[in-house]
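Annotated features, as they stand in Swiss-Prot:
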BINDING   R25, Q26, A27, G28, R29, D74, Y151, S206, H325  substrate binding site
SITE      D74  site 'Transition state stabilizer'
Amino acid sequence: MLKNDLFLRALKRQPCSRTPIWVMRQAGRYLPEYRAIREKTDFLTLCKTPELAAEVTIQPVELMGVDAAIIFSDILVVNEAMGMDVEIIETKGIKLSPPIRSQVDIDRLSVPDVHDKLGYVLDAIRLTKKELDNRVPLIGFSGAAWTLFTYAVEGGGSKNYAFAKKMMFRDPKMAHMLLSKISSVISDYVCAQVEAGADAIQIFDSWASALSEDDYREFALPYIKENVQALKTKYPDIPVIVFSKDCNTILEDIAATGCDAVGLGWGIDIAKARTILGDRVCLQGNMDPTVLYGTPEKIKAEAGKILKQFGQHTANSGHVFNLGHGILPDVDPANLKLLVEFVKEESAKYH
């Protein structure tokens, strides 16, 4: 039994004594303890060494007191498992080769056995679960098909997604073929993470805001829905969070994927999101990550405002406090610790 199951209770919209908190990228460069490990190894080796991945996954639980751990990995491990060469240089960016821009390229990508090609992530989950010893839940995750598609077609990050959109608009059938292939791997991967011990899954659609509402409905949401349904068919009790970055205008469509929680960017007042969605899903978010550069007073004021905007909890409401995107690498860890402690203390009165 979990000693602290607040995060899972909130996702399932069950009564909680306070609002749980974790933050995206909580295992990362802002922590000196993480940097000490990273100095000895490169990023992908860290992802692929279960003992090290488990160690950095647990660091924020022990150092910051967050209510959930998220497995240390990267969304691009899926692209690599499908046969792409992935280079991640933390300060310089990402390169994937060869870029996928033709039918021949798509055919060349494999649909791997995730237990084989992504076994190191599953091993890291098993080891982390053991070392967490039921202190807090463990989140598994994957990138969404649209985001992994853009990386595959662009061959890296992009400002305007020209190659990805060219394929979408010139040959939508080919685009859907690639999206579908990626999506099938994601479905297998998230199910395998749950088999290995993940207590919840988050799907990250980091480049969601690159698409118009209609294009998002056509090229992104159907695949997220496919992934959620694949997981729910096998593991109906495992909660799923969908984080479609900055898609604040189509929250109802995101909720309609069947997810348990919708991750919010900081561009929307959480009260407005709750009005739109009612309490049919849990809401996760949504403080601007740069607030953590502020004074202790400012951090508390902003966090307090979000808790107040969400308002009083009902018998079937859910809120997981988080940032609207990942914590930035040059944030003072003391500021995150202050945020975590403040949310734990301040949120109780709303429950």
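Residue positions begin at 1 at the first shown residue.
Note: Cβ is positioned from N, Cα and C throughout, glycine not excepted.
Positions of the features from Swiss-Prot, shown on the structure.
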| residue | record | DSSP class |
| --- | --- | --- |
| R25 | substrate binding site | coil |
| D74 | site 'Transition state stabilizer' | coil |
| Y151 | substrate binding site | helix |
| H325 | substrate binding site | coil |
> What's the CA-CA gap between H325 (substrate binding site) and D74 (site 'Transition state stabilizer') in angstrom, rounded?
Replying inline: 15
>> Cα-Cα, whole number of Å: R25 (substrate binding site) versus D74 (site 'Transition state stabilizer')?
In response: 10
>> Tell me which of the recorded positions A27, R29, D74 sits in the most Cβ-dense spot, judged by other Cβ atoms within 10 Å.
In response: A27
> Which entry in the list of binding-site residues, R25, H325, has its Cβ near the fewest other Cβ atoms, using 10 Å as the limit?
Replying inline: R25
>> What whole-number Å value do you get for the CA-CA distance of D74 (site 'Transition state stabilizer') and A27 (substrate binding site)?
In response: 12
> Including all protein chains displayed, how many Cβ atoms other than that of Y151 (substrate binding site) lie within 10 Å of its Cβ?
Replying inline: 27
